[in-house]
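Novice: Structure below; questions to follow.
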C-alpha cells in the first residue's frame, strides 16, 4: 500500500537516458522496462546478454539503442516496434540474420551490424530511406540486394571483411555517399558505375583481387583518399588525372611496372606510397606534384631518381630503401623541407654536395651502400642521426675533415668510411666486461696511436684502419691542425664572414642562462697558442681551467651573463677561456639528472699542448657516460646541436672581447675544431640549461617579448650584423566552432620533432579562414600553455587531450620567432669591421609620454582573471593612469605596446608582472562559475574530488578541495568548463575553502537537479586582462550610461568582466575604511546617491537610477569590483564598485529581490508600461479628467545586442531561489560562404521563359532576401526553358537583365525588362542561400486517409504569420492528431508553404491555396521552409511557463496553465485562432477566423470575476489587428449592457461570424455582470477616482500593439491617444415619475450614438426611499476610426424609436436580457420578490467545484463541436430576430392601415375607439415582446450543451 508514496526512489521517475555498458549483465534489467514512457537512450554494450525479452520492445520512445559486444543470438521481429529509433548498434554479437520487419524503422539513420554471422540482407532492408551511416563489416555477405541503391541518404557505407565479388548497379544511385569501404573482399573487377558517385571522398579497395581500375574512376573529382594496396594491379589508367582533389594515394604491394603520365596532374597529392612494386623508373614529370610531403619507394627496381624531384619543395620524407640507386640527382638539394632521407641498401658510391642545402635534414640513412666519404657540406646541417652501418652503436659519429686524393675536395670521414659489408663482433669482444675501471682495461686494449713525429700530413688515398680510441683520435687531430695553422699568415686576425664562411651562429633557438654551481680545481694556466686555418671554419679560443660561475640573469642571460663573468677574470687570456668554457668550449663533463647530487666533484677541462705530450693529460680519468642508442624516429635527442642564437651571442661576446683587448700578451688560442665537434661538446651543457628552465615563459600578455633573446650582434658572422632573431610570446584566444578549432599540432615528447631538435608542441597546420587563422595563429608557433596548463614537456597525446578538454574558448600561449632589424656593420679605413652600429633600446622604468601610449582595447576576457596582487598592479600602473585619457575604461582595458614604447629591464619590476628581478610571474587565479544540470535526481556529475580537511592533500601546503578526475562523456565533461586541478570554492552557495572532504561529498550527492559550482584555477601570468582577437580594434571610451558600464553583475557570456577576488570568510572581521576623495568630474555613476553599509554589504540606495533609461540599476551581487569610473585615481587609494570603500568582498546567494532588481522595468509590466498623465482641471459642477494613454514601448530583449564574433556564444541569466530559472541565448556565428554569381542566357523564341519572380522595391520578397530585398525567382516551371537550363533554381537573386541592373528596381520595372523583345535574354543571377528550413516533403496519403492539416494566410485572407502582419504567405496553422501530415511527422505548425505539386503558393490567394491542396491527390509534393516558431509565440505571451517575456505577465486567463504540455505538440491551443481552412472537407470554414493568435483565450462564464464589457468591446474594435490582454481589466464597474452591445455592433467587422461571436460574448459578459452587480452590497461601491483609473486600464486595451517579427525590433511611431472621461451624477429614483431618462452622449468613432448610453448602471433596488446610490454614467470618446453598416443603423434607429415609459428599476433589470427589442415585460411584485430572494440565497451559497468530466472526444473534436454549436446558435438567433422584427413591422403596418380605414369610414368616432385601438396595439407589441423573449429563451436553452462542452474542455 505504500509503494506509491513519493518519497520512494522508484516512483514517477522521468528517466530518459540509461547507460549500463560494461556491467556484466546476463540479461536486460527489469527496472529498465519500467521506463517505457520516457526512456529515449539505452546503452547495454559490452555485457553478457543472450536474449531480448518480450517486454523489451515496449520501449516505444527509444531513439538510441546500443547492444554491441554481447552474446545475442537472435534479433526478434518485434524490433519493428521501435518506430522512433534513430541509432542502432548490434555489432559483435551472434545474430545469424536480420528480420525483414526492420523495414518499419523508418526513422533509423545510423545502423551497425558488423561482426555478426549474417550471410545476406533482408529484402525490406532497402526501405530504410533515412539511413545515413551503415556498418556491415566482418560479416559473411556474398551479395547485396539489387535495390540497395534505394538507400539514397547514405553518406558512409562500410563493407570491409566480407565475401563480396560484385556490386549491384544501383549503388550508383547513392549520390550522397562520402565514404565507401570495400577493403578485404574478393572483388576482381571494379564496376565502372562506381565512378558515378559524385560526392565520394574516401574509397578503400585494399586487400582485393583487382587487376585493373576502370577509367570511370577519374570522374570522382571530390575523392581525397584512395587505397588500392595489396591487389594485383599491373597498370593504372591515365584517367586517374581526373582525381583533382586527391591527397592520399596508396598503391603499395601491387605489380606496377610504370606509372601513367596523368599522375603528375594530381597537384594536391601529399602522400604517395609505391613500396613493394616492380617500378624500374619514375616519370620525369612526377615533380609536378609540388605538394608532395611523403614519398615511399621502398623495394622497387629503381636505378635513378628523376631530376624533377627538386620541384617537390614541401617533401619531408623520402624513402628509397632496397632499390638499385647508383647516384642521387643534384636537384635533391632543392628539397628545402626534406627532414628524413633513407637510402639504405642501394649502390651509392657518393652523395652530392648539394645535399647540404637541405637545411632541415636531421636523419640520413645510407647504410648498406658503397660510400667512400661524405660531402663536407653536411657540416651545415643539424643532423641527429647518420647511419653508416648496420652495427652502428651511436646515431651520430665524430667526423674529421679530410681531402679526397682524386679530386682534392674537402670531405668528411670517420672510422666507418669507406663503407664495407657488415661483420659480426667476435665472441671475445662480447665477453669483455664494462664494469672494470678504464685504467685497468686500457693496457689490454688494442689501441692505434699516431706518432707525434708525423707533423706533415701527406695526401694519401683512403685506407681502412683499425678504429682508434676517441681520446687519442682527438688529440692527434688537434695536434695536426695546430701544427698546420702555425704556417698561416694573419693568424691573430678576426676574419670577415666573406673570408672564412663561418656558419656557426645561425641556429635559431632561445637564449638560455647557464648556472654552474660547481667549483673547479685550479690548474696552472697553459700557454695559449695562436692558430687560425682560413680554409676551414674555426672557433678561436684558449682552453684554460679557471673557476667560472655564471649566475642566472633572467631572460636576458645570454651574452650579458657571459660578459659579466669575463669581467671578473683578471687576465685577458683567462677571460677568453672563461667565456669559452662556460658557454661554448670543450666541456667533456656536465652532470646528468642522476648525478646532480655529486656537487663537489671537480669540473675538469681538457686542453691540448702543442709543444709536447703531457703525461697528466693521459692519466686524467675521463668521464664517459654510457647512453642508449635512440631510434631516429622516436625523438630521442641524438645530438644537441648548438642553438643558433646562443652561438651568435657567444661568438659576439668573444669577438668583442678580442677587439677591446689592448694588452699585447693577450693572444688567441690554437684550438681548432669542426662545427660538428663543437656541437657535440655542447650537447650535455644545453641539456642542463633546459632543465634549469622548466618554464621559460609563463606570461600571457600579447605580444610579450621574451627579453632580448638575441642580444644585438656585434659579430660579422651574425647575418651581416643587421638583423637579430628573437622569440616573442603571444597569447591567442580561439573560440571553438562547430567545425573545430582549425589547427593541428605536431611534436611532443616521444614524437618526431617538428622543428630542429626541439621536442615541444608546435602548430603544424592552420586552416585558412578558420578560427585559429582569424585569431592570428601561425604555423611554427610553439605552444607553451593551453588554458593555463604548461605543455612544454608534454607528449603529443597529452597535448591533444588538453586541447580537446579546453571547452568553448581556447587560450594559447605561444612563442614565435621574429626577425628584427637592429643595425649595420661599419668598416674602418683598412677594410676591417671596426664597429657594429646597433640601435640600442633603453629599458627604462618611467612611464612613456602620453603621446606614446598605445591604443586602448576593450577585451572581453574568456574567463574571470582574479590576480592576487591587484594592489601591486595599481601601484605599478599609477604613472600610466595619471596620463591616461579621461574616458578610459579601466575595468577591462589595457595598452598594447607601440613602436615607441619600451620594455623594462629584467632586473627591475616589470609592470606586466612577467619577471620581477628574475623571479617567476606572479600567481593569479581564474574564477569559474558553472551549473551542472542532472538529467535525473541521483545521476552522477562526472568528476571526482580530492583533498579537503581530514583527507590527504591534493596539492602540497593546501588542504583545499580539488577536481582530481573528469569522467569522459559525463556531465562535467560535456559542460566543458571544469578541468583537473581546479579548486572547488563553493557548492550550491556553501563555502568549501575550509570544508572537510566528507562535507563536500555530501553537498555533491544531495538530491538536487542543479549543482552550482564556483571554481578557482591557478593562472601564472600578467595582471592585465589578456588580449583577444575577438575584441574590437579600438574602443576609446565607453558611455557611462551604456550597457557595458551598468550591466548586471551576474550576467555572463562566455566572457565576463575582470573582478577582484572574493573570499568566503565571515563578515564580522570586515572594517569599513574611510572613503577616498574622488572628484565629481571623474565619477561615472552620477545618479547614485550615497549608500550605507550593513553587515559588510553595500545596500543599494533606492534612488539608483540609470540616467539614460530611467530604470533602476540592478543590485550588485558582490560588493567589490574593478573601478569603473573614469579618470585617474589617487595614490594608494582603492575604489569599490559601490561606495568606494576597500573591504574584503563576500559572496552571498542571489536572492529573489536581487533578481527582481535585475529585470528591466518593461518586463515587470509585461510590456505595457504606459506613462499615463492625468490632468485634473478645477472641479466645477462636473468633474472632468483628461487621461493621456501613451502607446506602450515595444518589448526590448533583456540581453544586449547579439555578439558578432565567430563561434558559439552562450548567454544566460539565472534566477536561483528554491528552484532555478534560466534564460539562455545561444549565438553561433559562422563565416558565410561567398555567394556565387553567374550569367545565364535563355532563348526567348521558344516560348515562355518558364519561371516567375517575386519582390522589388515596392513588393515583399519574403521568404527570400530577408536582409536585402530584391528580385527573386519564386517558381520554376517543370520542363520549361529555365528548368532545362539547369542553372536556375528557386530563390536565385536576379541582378541584371540584359546588362540592366534590376537589383533596386520595382516589381513592374523588372517584369518589363524581362518582357522586352529579343531572341535571347541574358540574366546575371546570384545564388543566394535558400531560406532556413527549406526542404521538399513528399506526403503519401492512403486510400481514404485525410491530409490532416489546416492552412492560414494568402492574399485576400487573414494574416498567416502572427509575428508579422504584413506577411502574405501561406502557413501551416494546425496539424490534426490523425492524418498523413501527422504520420509523416515533418510538417510543423508555422511552416511556410512555397509549392504544392509544382504550383507556387507565393503570392497566391487563400482560396487558391486551399483548392490546390484539396485537388493534389494522394501524392503531394510540398516545398516548405521555416515560417514562424509556434513555441516562441506561446512563450512571448506569457503562457508557456518559465520566465515570461510577453504582454501579460501579471494577469492570466483560464487555460493558461495548460499551454505548455500537449498544446505544444499538436498546436491545438493555437488552432482555433490560426486555422482558417481545413483541407479535408469541402465546406467553407473561413467563418472560423478568430480575432488573433494572442487573444486565443475566451472569457469563461464560470469565472467569479470575468472580463469587463469594456474590455470585450475593445477586443471587438481591434478585431484581428491587436491582441487584447486576457483578464487585464477584470474589476471595472460595468456599463449598461445595451451600450456595450451597441458599441460592439457598431464597430465590429462586417463579417456575420464576427458579429455573431461578438453578440455571444456580450451576452455572456452582460449576464455575468448583471448577477455581480445585483448581488453587490451598497457598501462596496467604489469611488469616482477608482472608476476613472479602471477605465484608464481598460483604455490600455485600445493601445496595445501587435509584436513585430521576432528577428526585428523596429522603432515604432509613438502614437498618443487621448481619452476624455466625462462623469455626470444621476440620482436613481424608484418612483417612475419621469417617462424618459436623460442620456449622456456616447460617441464611438465620433459618428454614431447608441441608445441607453446614459442609462444608470443597474443596481439593487433600495429598501428605503431616499437612499438611492449616486452612480456615474461614463462616456468614452476615442479617436479610433471604425465603420458601421446600414443594417446596424437601421437597428439602432429602431432601438431609439421604442417607447420607454416603464418603471426605472424594471427598465434597469430587463434591459440586460431584452437585447433584440427594447420593449420590456412588466413583472409583478411577487415576481420581483422571488427573484430577489433567490438572488440573495445564491449569494450565500458556497461555489461548487466543477467536477472533472471524462470525455472520449479529443481536444480537436471538442473544439470543432464547440465552434459548430456557436455558429448554429448565432445563425438561428439572428434569423429569429429578423423574423420577429419583420413580424413586428408588419403588425404595425396593418394597424396603421386599419386605423386609416376606420378614420375614413367613421370620421365621427369618439375617443373611446381610439383608446381601444391604442390598447390593442400595445397588446400586440407585448405579444411580440413575449414571443421574442420566448425565442430568446429557446436560443439560450440550445446553448446549454455548449456550456457543458465548455466545462469539459475547461476541466
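Cβ atoms here come from the backbone N, Cα and C positions, even for glycine.
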Novice: Have a look at 444, 713, 1468, 1478 and find the one that Swiss-Prot tags as phosphoserine.
Specialist: 1478
Novice: For the feature phosphoserine in Swiss-Prot, which residue out of 1031, 1039, 1522 does the record point to?
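Specialist: Of 1031, 1039, 1522, Swiss-Prot lists 1031 as: phosphoserine.
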Novice: Out of 361-382, 383-404, 405-426, 471-492, which range is noted as coiled coil by Swiss-Prot?
Specialist: 471-492
Novice: According to Swiss-Prot, one residue in 667, 1121, 1477, 1724 is annotated as phosphoserine; name it.
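Specialist: Record annotation (Swiss-Prot, phosphoserine): 1477.
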Novice: What range among 1448-1485, 1524-1561, 1562-1599 does Swiss-Prot describe as region 'Disordered'?
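Specialist: Among 1448-1485, 1524-1561, 1562-1599, the range Swiss-Prot annotates as region 'Disordered' is 1448-1485.
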Novice: For which of 435, 1216, 1697, 1701 does Swiss-Prot record the feature phosphoserine?
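Specialist: Record says 435.
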Novice: Using DSSP, tally how many residues of the repeat 'LRR 15' (360-382) sit in helix, strand and coil.
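Specialist: Per-class counts: 5 helix, 5 strand, 13 coil.
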Novice: If you average pLDDT over the repeat 'LRR 6' (153-174), what do you get?
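Specialist: Per the prediction, mean pLDDT sits at 95 for the repeat 'LRR 6' (153-174).
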Novice: What is the number of residues in the repeat 'LRR 16' (383-403) that are helix, strand and coil, as DSSP sees it?
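Specialist: Counts, helix then strand then coil: 0 helix, 7 strand, 14 coil.
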Novice: Please count the residues of the repeat 'LRR 6' (153-174) that DSSP assigns to helix (H, G, I), strand (E, B) and coil.
Specialist: 5 helix, 3 strand, 14 coil
